[in-house]
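So the structure is just underneath, and the comments pick up after that.
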C-alpha cells in the first residue's frame, strides 16, 4: 500500500526570547542518511554523494527546521545520492562525518543549529504539529506509562542514563557525551534530555532517543530487514486429528497468532509503495526499532584519544561515561495500556509469565515480536525439549515402577536378607583396624533399594534413551527449519554475515582482508596478533581445569577419609543399630560426599556435573583384603555394597541434580526480586516526583549479552543428566521435566517483570549449542553402555544365569554366594587387622578370586575373565545397535519437512512475482508520463508550425 503524502512545517532558528531546554527537533538538518561507521573508504562513493552535500549546504544555510510526519522518499535526495550513502552506510566509511562537515556544513553551523534546536521546549514546538495530532503532556499529567517524548508523538526507542562525575575525569566524560550525542544527531536521531532535577533520585540524567522515519527506512535497508508486501495465501499448519484432546493446553488463536501471515521482502526505501505501510508509527515493530537504534549506537564515534578513534556505546558504558543504555518496556506488566497502542508486555505477562499457566503452550510469536528472534528461539527450543522429555519421563517412571513392584521378589535381595544365607556370611572389615567384621544381612534394605534402579529394565531404558536422543535432535532440526520459515530467517545467515562483526573488533583491527565471496575489504586480525590472545585464553582454561581437578581430588580424599569414621561410629553407637540395615557406611559417605560435591559445583559452575560421576568410579579399584588400594598410601579405597555400585552413583546424581535445580530456581526467582526492591527503595527519595517509565526500567536488573549463555548452559547441563548417566538414574528425565515446566514460567516472569528489556537480536538457530548436544548424544551411548557393564550388577547376574547356575528351577539361586570370594583372616597384615579378636577363620569380600587353599590364591579366577568378556561384548553390541538406529533414523527423517520446502518455494516465487509486477507497473507509469510529454511537445511543435505558416 502506498503511503500518504507528507506534511511539512518550517520554523525560523532565530534565538527566541524565552526558551525551554531539553527538546531537540525531529530532523534538525537533512542528514538522515549520514552513518558514522567504521570500515574501508570508498572514494568513488564520496564523489557520487557530493551533489547531495552541496544541496544540503544550501538548504542548511537558511537555518530552518523541517518537521515531517511523512517524509517523501524523493523530497531532497536524488536516486543516485541515496545509493551512494546507502553503500557508505553498509561499508562503514570512517571519514563520512568529517567529509560532511568539510564539504557540506561547517562544524560551527551544525553546532549552532543543534544549540538552537535544543532550546525549543514542548510549548514552542507544539504549534508546528497539526491540531489533530497535538497531544502535548504537562509534567504533572504525564502518564507513568508514557513511552513518548514530551510532544506525545515521537516514540522513545532507546534511553541513555548518566550522572555528573565530579572527579578528575569528569570533564573528559562530559566531552565524550557531548561528542557522542552530537554524532547521534548527525545520523538523524532525535534526542531529548531529562534534567536530573526531574529524576526520582535527583542526580540522574536521562537521554531519550527517537529514530525518525528516514533513519528507520535507511537502516532497515542496510540491515536487510524483511517487511510484509502482501497477505500470504499459504494456510497455517493444522492441528493433528486428536488435537481436540489437548484443548486445555492450547492458547487462543488471537494470542498464538497475533498477526496474519505475509509474504515478505527485504525493505527498500525506493520501493516504499511496495510494502504494506498503513501507519509509519507502527510499521516497524518496537523490537526492530530498538535493534536499529542499537546498531547506530554501537558504531557511533565519540572522539579520538591517543591517536585512535573511539566508537560504540559499549566503550562508554565500560568507562562509566553512561550508566546504562536500554530500550523501554511497552508499559506496566500488570495492566493494559490506556492508549490505542497495545501493551505487548502486559499480553506476555497475562498469557505466558503466569505460574498458573504452567500447562499451557507458549505464545512464541508474541515472544519473538517483543524480545526478538534470538530470545524467541531459545524459548522454542526449551519448550520443544520439555515436550520431548515427557516421553522419556513416562518410560523412566515405568522402569522405576517395575523395580518397585519386583523389589520384594528379587532373588539377590532375598538371599542377602535370609538369616540362613546372608546372616551366616561374615564379611571382611570395611576399613583398617577400627572397623569390625559384619554380617551380610545387615545390608538387607540397602540391597532392596539398589534393585529399584539396578534391574532388568535398566538395559532397556539405556537402549531407549539412545534412540530417544536421536529422535530429539532430528525432530529439532525439522522444528528449527519450520521456525526459520515462519520467522523469515531462511536466508538470514548469508544476508547478515557482514553485520555480525562486533564494533569493538572492527575498531581493534588495523588490517583489512578481501572477502572472496563479497569481494569487499573486511577487518582482519593476522595470526601473529592472535597468538597472544590464544595464549591468554589457553592459560585461563588450563587454570580452570586445574581448579576443577583439585576440587575433584579433594572430594575424593574426603570420601576416603570419612568412610572409616562413619564405619567405626555406626558400629560403636547403639542408637544407630536400628537404621544400620539401610543407612550403611557406604550410603552415609555417598550422601555427604554428594552434598559437598553439589556445593563445589554450584561454586565453580564451569564444567558439567558429569565430573561427579567419575569421582564415584575412581574409588572402586579396591583390591582385596590384605592388598587393598590406597590413595597417596594413606586413604584406603571404599568398597561397593554387596548389591552393587549403581545405588551410590544414583545417590550422587539425585542429590546433585535436584539440589542444583532447586538452588537455581530459587536464585533466579528471588535474586532479581530482592535487587530490584533494594534499588527502588534507594531511588525513591523524592516521592513528589513522577516515577516515569524510563526511571522504572532503569531500576530493573540488566539482562546483559550473556544472559542467554547461562540459560543455554543450564539446559545443556540438564540434558547431560538426562542422557549421559540415565542408565543409573531413570527418574532423571522426570525431574528435568518438572524443573523445565517451572523454569519456563520463572524465565518468562523474570524477562517481563524483573529485567530491563533486552535489545532485540536475530538468530536462525541455537548456534554452537546444537553441536554440543550432538556431541553429548554420541558420548551418551558410550557412557550408558559402560554404566550398565561396570557399575550395574546386570552382566555378572546374566553370566551366572547362563554359565554357572546349577539350579534349573531358580537359575539365580546361589548367586550371592558365588559373587563373594573367601579370605583367610590370618593373612591380614598387622596394620589392617581389626583390634578385637574374633573366632572367625575366614571372611568374605566382593570379587571373583581363588580361595586361600588354591595354588593361585587371591588371583582372579576364570569367572572374572568371563564376566569381563561379557561386559566388553555388551558395550560393543549396545553401541553398534544404538548407532545403527541413530544413523537409520537420521537418514529417514529429513532435516527440512517437505511441506516447509514447498512453502519456501511458494513464497520465493510469489515474492519475485510481486516485485516484478511492481517494477513493471512503475515502468509503465514512467513510460506513460514520458509518452505524454512527447505527445505534448509534438502538439506544441505542430501548433507553432501552423502559426508560422499563418503568419507567412
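Glycine too: its Cβ is placed from the backbone N, Cα and C atoms.
Feature annotation (TrEMBL): of 565-586, 587-608, 609-630, the stretch labelled transmembrane segment is 587-608. Within the listed segments 772-791, 792-811, 812-831, TrEMBL records transmembrane segment for the stretch 772-791. Record note: among 282-312, 313-343, 344-374, 375-405, 375-405 is the stretch given as transmembrane segment by TrEMBL. Annotated by TrEMBL as transmembrane segment, the relevant range among 850-871, 872-893, 894-915 is 872-893.
Checking the ranges 693-715, 716-738, 739-761 against TrEMBL, the transmembrane segment annotation falls on 716-738. Among the recorded stretches 458-476, 716-738, 772-791, 872-893, the one sharing the largest number of Cβ pairs closer than 8 Å with the transmembrane segment (375-405) is 716-738.
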